[in-house]
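Trainee: My questions all concern the structure below.
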Amino acid sequence: MVSERQQAAGKVAAFNLTEAGFGDGSDLLDDDGRERRTGTLVTASAHIITAVIGSGVLSLAWAIAQLGWVIGPVVLLAFSAITWFCSSLLADCYRAPPGPGQGKRNYTYGQAVRSYLGESKYRLCSLAQYVNLVGVTIGYTITTAISMGAIKRSNCFHSRGHGADCEASNTTNMIIFAGIQILLSQLPNFHKLWWLSIVAAVMSLAYSSIGLGLSIAKIAGGVHVKTSLTGAAVGVDVTAAEKVWKTFQSLGDIAFAYTYSNVLIEIQDTLRSSPPENVVMKKASFIGVSTTTAFYMLCGVLGYAAFGSDAPGNFLTGFGFYDPFWLIDVGNVCIAVHLVGAYQVFCQPIYQFVEAWARGRWPDCAFLHAELAVVAGSSFTASPFRLVWRTAYVVLTALVATVFPFFNDFLGLIGAVSFWPLTVYFPIQMYMAQAKTRRFSPAWTWMNVLSYACLFVSLLAAAGSVQGLVKDLKGYKPLFKVS
């Protein structure tokens, strides 16, 4: 059912639309009394590609180098299939009970969990989801700053030689990135971000293509590198202990590369109600995951073929390539532009959660509810509360990123910790609750086997990432420069 507050808001909106000459206004509102959603298969696919193809693609050559020609591609395909399958289950949980135009809408991932699994599971889900979202936004701040710094270093290497001491500070770049995010964060919700996601999706495909092209060029140049069926060789490239830890860590990097389920419901909430949202979202998930997997496979496999066991952790900022320097610069510009959009995709659920909680907690506070017209006659409004709270969040994430710039291990840990609960466990549990799956039935058995297998892999990945973080912390220096 629609709440009394939503019904009242809908009536006010309908009255205003009627006064403006739009009939009775009902045709511009959805069944929940909110402004009619206009999202389509194209915009949803763009949101997904923006969310999935992120900084994770840049480390896949390194991950394949640890796993080798056999296990590496198999693991990539396995994560892809699991992500798509569980996303399809999650798409059916947007309405409770499911059905086109019938059930109550769940506006967030957490609301879907509460509708199907109860309050206690909702709290566990919210903890996992928001820790993940905060971690991703911090990681994207770090990645963007490194890419911006890589442009300066690339030009320096070009003018002074590959052996030159070229350094770039991340701090200034993080401040610039934070300033851009403060402006974009004033957009009230996902519905206003469709254009940003399409631009970001194009950028993600662009820098992935540049990485692919550079890898192909290096392979075609006849450079011979060492590769193997099992990855980095024990006793030659790594010790036995390093082989184990790096193998586990590579699982975390791949898991992080497929992080998007935690914003799927929010993306689905942008879709128009006809055709049914779950049908469109399943198609969008298939398009998004298939597209990203194709790029992931090409980037990982060709990157490994180009660099072998010496594949850098980030093949566009780790300077596995030096020339053509201008193309490397373009690739890093595309990374920065993409992550500007991806940051918004991941932080919007945080914004909406805090704002909804605050307005529900203090319903009579004028500061929390005020919406001021920026330009007379414009539909865009500014909120004092939104300005203060969202600015504070962006500044805080930039500060943490500046003080703790451990990108690979940090995001590997976030990916490992969040993949099982958010991508696998809760979607499976909601599906079984929705379908009233009988205990010990074939469907119940194999879904639980899948869930526990993913839990085991996530624990291994988390262990590898923690070991990498501990190793990084030994040489930790606050506000250090990337060289």
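Keep in mind that glycine also has a Cβ here, set from the backbone N, Cα and C atoms.
According to TrEMBL, the protein has these features:
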- 38-470: domain 'Amino acid transporter transmembrane' (DOMAIN)
- 41-64: transmembrane segment (TRANSMEM)
- 70-91: transmembrane segment (TRANSMEM)
- 130-151: transmembrane segment (TRANSMEM)
- 193-217: transmembrane segment (TRANSMEM)
- 284-305: transmembrane segment (TRANSMEM)
- 325-346: transmembrane segment (TRANSMEM)
- 387-404: transmembrane segment (TRANSMEM)
- 410-428: transmembrane segment (TRANSMEM)
- 449-470: transmembrane segment (TRANSMEM)
Trainee: Which residues of the same chain, at least 6 past either end of the transmembrane segment (449-470), have a Cβ under 8 Å from a Cβ in it?
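Mentor: Residues 82, 244-252, 255, 406, 408-410, 412-413, 415-417, 419-420, 423-425, 428.
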Trainee: Any chance the transmembrane segment (70-91) and the transmembrane segment (41-64) are in contact, meaning at least three CB pairs closer than 8 A with a sequence separation of 6+?
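Mentor: When sequence-distant Cβ pairs are counted, the transmembrane segment (41-64) touches the transmembrane segment (70-91), since at least 3 lie under 8 Å.
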Trainee: Where, among 41-64, 130-151, 325-346, 410-428, do we find the most CB pairs under 8 A to the transmembrane segment (387-404)?
Mentor: 130-151
Trainee: Would you kindly list the residues that approach the transmembrane segment (325-346) from elsewhere in its chain, counting only those six or more residues past its ends and only Cβ-Cβ distances under 8 Å?
Mentor: 47, 50-51, 53-55, 58, 133, 136-137, 140-141, 143-144, 147-148, 150-151, 154-155, 157-158, 177, 180-181, 184-185, 187, 190, 193, 196-197, 199-201, 203-204, 206-207, 210-211, 213-214, 263, 267, 316-317
Trainee: Can you tell me which of 41-64, 130-151, 284-305, 410-428 gets the most C-beta pairs within less than 8 Å of the transmembrane segment (193-217)?
Mentor: 41-64
Trainee: So what's near the transmembrane segment (130-151) in sequence-distant terms, Cβ-Cβ under 8 Å and 6+ beyond its ends?
Mentor: 54-55, 58, 168-171, 173-174, 176-178, 259, 262-263, 314, 316-317, 319, 328-329, 332-333, 335-336, 339-340, 342-343, 346-347, 349-350, 353, 397-398, 400-401, 405, 407, 410-411, 414, 417-418, 422, 482
Trainee: Counting only residues 6 or more past its boundaries, what in the same chain has a CB within less than 8 Å of a CB in the transmembrane segment (41-64)?
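Mentor: Distal contacts: 72-73, 76, 136, 139-140, 143, 190, 194, 197-198, 200-201, 204-205, 208, 211, 215, 231, 250, 253-254, 256-260, 263-264, 267-268, 270-271, 280-281, 283-285, 287-289, 291-292, 295-296, 299-304, 306-307, 311-317, 335, 338-339, 341-342, 345-346, 407-408, 411, 415.
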